[in-house]
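Have a look at the structure below before the remarks.
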Amino acid sequence: MAASTLAPPIRIARAAVFAVFGLNGFLSAIWVVHIPAVTERTGVSNAALGMLILLMAGSAILGMQAAGPLADRFGSRALVAAAAGWLSLAVIGPGLASGPLALAAALMVFGFGNGALDVSMNTQAVQVEREYPRPIMGAFHALFSCGGLVGSLAGAAALHLGWEPRLTMTLAAVFGVATVALCVPRMLPRTGRSPAAPAFPPTPADGPDLSAAATARNKAARTAFADDSPERASIDHEHAELDRRADNAAPEARIDTSGERPDGRHHPAHRRAAHEAPHTTDRPVTEGGRPDPGADRRALPGNSTRQDAEPARKTAHRRVFALAAIAFAFLMTEGVANDWSTLQVRDELGASEATAALAFAAFSTTMTIGRFGSDRVSGRFGPVAVVRWGALLAAVGLILIIASPWVPLAVIGWALMGIGLSGGIPQIFTAAGNLGTATAATDMSRVFGLGYLGFLAGPSVIGWLSKPFSLTQALIFPLVLVLVCAWFAPIVRGATS
């Protein structure tokens, strides 16, 4: 199914999610560019600012963990509306703060909304991606970067014009609320479709498809979206709900033509026939040779289903943990690049401040470009290839950075790191949202939370390692991390593969 044949509501929903990702980056950048002005007015020192940023990060993690179960219960669209509206209004807080305590409270509120929006908008993005015949998650994350760029430029322009932070942040809040009001109603509502249904066919790189029937059923249902009529879309939704109910029907409700009732007893006619037949028994017996009275109860279909479901839940939990661990490693490496790229080129290679800034510029630029291109690569070669070869490309970049005594080669290394890391996180989040469980948003919140911890911890770990070793030597640590990510890349293979 070509993207051009998708119903307009699907394409509009994609554009709405794009806008919310961009809004998140925009609001975050508005706060970042005003940090010097806000800290000067509130009298917060650099050391205190570091503690406040950690407080904001902890609040963001709480927001992530709270948003997951709420999105599973009420749907991601409702949570996007609440979280994006919260974040839009919360950006005013730092601009109005007049002292350290007020700033701390404002940043806690801002961080909580930011974390909740991260989970809810990515959950909605996974839902939209399921309706497409190809991956589109990377583009969503690229729009976040673009929103950050726009917010940085807008904030810089406001500061150049001499505007007060509270004015700029209030205008940003108005823009955010208007964006939420315009975009959220156009997002996809909560549906009954199984999250395990693949949005696009698995590639050879991802391994064989072990659920051909489910894939065919999903494809047939989605083909109907080519008709733009609202009535057809409504019928399709009803059919999907009926399919879900049929798949989840209780064993007692299913037709049994064998003559045996769900409770293990026979219908009267079959009982009479059995009475007339020669008596034989193959029922399980105890060690003493007597019939086992608990055998029938244990063999009931409902009990068997519950017993089979337990290993499936444990498998899903293990996959969530594995995805969270890879997200931790990827985002830890990204955090290292964000905070240490400029310092490494300046302090280790003797470059000027302006030249050293090119390292981070190269990294952030190639990461944004790479996220736009990662969807095409994932669609052709599969998510495993994106994670594996991306991690290896990042490793090549780190080797150049560690080994090179020349600034241009080191800048190229940071650029390669940006390309290599660009596609990994979108693939990990897509995999976390498609594990086939009924708690997709909660699964994503766990992956987000641990990944975010890695993003925060990475710069600190390099700072500690740079004391007994040089800064360049300390970068061997993220090199090992990306090599581990390359090895465990198959964990992002689709849940139905």
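Here the Cβ of each residue, glycine as well, is placed from N, Cα and C on the backbone.
Those TrEMBL annotations? Automatic predictions, nothing curated.
From the options 44-62, 196-214, the stretch TrEMBL describes as transmembrane segment is 44-62. Of all ranges given (100-123, 412-435), TrEMBL attaches the label transmembrane segment to 412-435. Long-range contacts of the transmembrane segment (44-62) within the same chain: residues 35, 38, 100, 103-104, 107-112, 114-115, 118, 449, 452-453, 456, each at least 6 residues beyond the stretch ends and with a Cβ under 8 Å from a Cβ of the stretch. Contact check: the transmembrane segment (471-492) against the transmembrane segment (386-406) gives at least three Cβ pairs closer than 8 Å, residues 6 or more apart, which meets the contact criterion.
Touching of the transmembrane segment (320-337) and the transmembrane segment (12-32) is ruled out by the presence of fewer than three CB pairs under 8 A, sequence neighbours closer than 6 excluded. If you look at the transmembrane segment (74-93), the same-chain residues 6 or more away from its ends with a CB under 8 A from one of its CBs are 20, 23-24, 27, 30-31, 63, 67, 105-107, 109-110, 112-114, 116-117, 119-121, 123-124, 127, 166, 169-170, 172-173, 175-177, 179-180, 184, 187-190, 441. For the transmembrane segment (412-435), same-chain residues at least 6 beyond its ends with a Cβ under 8 Å from one of its own Cβ atoms are 122-123, 125-127, 129-130, 135, 137-138, 140-141, 195-196, 198, 316, 319-320, 323-324, 326-327, 330-331, 333-334, 337, 341, 345, 359-360, 362-371, 373-375, 377-378, 383, 386-387, 390-401, 404, 441, 443-444, 446-448, 451, 482, 485, 491-495.
Residues of the same chain lying 6 or more positions beyond the ends of the transmembrane segment (357-374) and with a Cβ under 8 Å from any Cβ of it are 135, 138-139, 141-142, 145-146, 149, 334, 337-338, 341-342, 344-345, 386, 390, 410-412, 414-423, 426-427.
Proximity of the transmembrane segment (12-32) to the transmembrane segment (167-184) is established through 3 or more Cβ-Cβ distances under 8 Å for residue pairs spaced 6 or more apart. Only residues 6 or more beyond the boundaries of the transmembrane segment (386-406), in the same chain, are considered here, and those with a CB under 8 A from a CB of the stretch are 326, 330, 333, 344, 349, 370, 374, 377-378, 412-424, 427-428, 472-473, 475-476, 478-479, 482-483, 485-486, 489, 492.
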